[in-house]
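First the structure, in the form of structure tokens, and then the observations on it.
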Amino acid sequence: AGKFYQHVPTETSQATLASVSPVFAVMKFDKEGNTTYFEKKKTELYQELGLQARDLRFQHVMSIATRNNRIIMRMEFLKAVITPEFLLILDYRNLSLEHWLLNELASQLAGEGQLVTYSLPFEFRAIEAILQYWISKLQGRLNTLQPQILETLEALVDPKLLSVDRSKLHILLQNGKSLSELETDVKVFKETILEILDEEEVIEELCLSKWTDPQVFEESTSGIDHAEEMELLLENYYRQAEDLLNEARELRVLIDDSESIIFINLDSHRNVMMRLNLQLTMGTFSVSLFGLIGVAFGMNLESSLEEDPRIFWLVTGIMFLGSGLIWRRLLSFLGRHLEPPLPPHVPAVLKKSQPAAGRVEIKNSLKGETFGLSRSTLTNQ
């Protein structure tokens, strides 16, 4: 009875763990490109593959690792386990992967596609197919962003526009954010491949068929061994990621330069408005200054001048003439202080005198050398 009661909690705990274990929707590809679908619990799957539970703990990260002659690839939402005989794609549903899995991946694994590694073992084709899919996905995102960004920048940088369209700025902000996310994803992809390239042991472990059938990798048809083949494969996609990152950086620099041009145009229009406001203020000041004469005559003071019929036109003429002269002087003062200074003029006499000075120096040096030679000659004599 004691033994029976001791086993009951253990069986209950195992049943509880089995009931809460996640279920993977798995798509399996073999060497001939045949596809099968099935669902399997996580505990059963990692036991069949000879892995541990943490090996199938797929976070939303990017990594390529080997474990027990298995390659575990994490490409964010793309989760794959590669063996020398088959490829498993886990949790492929609702991830927009069906088109690629059904129409492209099966043919590539069977050697019908344009993969460079079609003559190499199965794991080479599987790795290249997944890397090619991911780099093409990144390239597609860049191809979608690039025309949108260029069109928006062309509309914003137009110097004829006195104001900036706020809707265009909002679109540019969203595209800039998407471009930053793309740059981050490309950098992570590049760093993931670089970590493998820096470790020769990891490159050796990626060649799974070496451990199951060593004769396959004794020497390839091109005279390059298995590790070098895998290294060339990874370097190819590392270089493609580098080119893609350079294109994204050029687009980022173009956005920054366009923003500078937009700010310069806005500052130019702002300066024009400020200059016009300053001119009107100076004109108002000039009219107000000489308007004091009219104010003085408008006072209810008796003098002999108001009896003369010509004094009105004389005072009005003095007011307008004085206001115009003062405004003109203020505008000339403003023009002298706001216009950029001209570059200093180099007189033609100085330009002509420079070669002459050079010739004088050469003549003096020749004279010194001649004088020294003649002096030494006299000393010898």
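Easy rule for this one: first residue shown is 1, then count along the chain.
Note that Cβ sites are derived from N, Cα and C of the backbone, with glycine treated the same way.
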* **Segment assigned the feature coiled coil in TrEMBL (from 17-51, 52-86, 192-226, 227-261)** => 227-261
* Contact set, same chain, for the transmembrane segment (280-299): CB under 8 Å, 6 or more residues outside the stretch -> 305-306, 315-316, 318-320, 322-324, 326-327, 330-331, 334
* Using a Cβ-Cβ cut-off of under 8 Å, list the residues of the same chain that are 6+ residues beyond the ends of the coiled coil (227-261) and lie near it. => 116-117, 120, 124, 127-128, 131-132, 135, 138-139, 142, 145-146, 149-150, 153, 156-157, 172, 176, 179, 182-183, 186-187, 189-190, 193-194, 196-197, 200, 203-204, 206-207, 220
* Surrounding residues of the transmembrane segment (311-327) on its own chain - C-beta under 8 Å, 6+ positions past either end -> 282-283, 285-287, 289-291, 293-294, 297, 305
* Asked: Quick one: mean pLDDT on the coiled coil (227-261)?
  -> 89
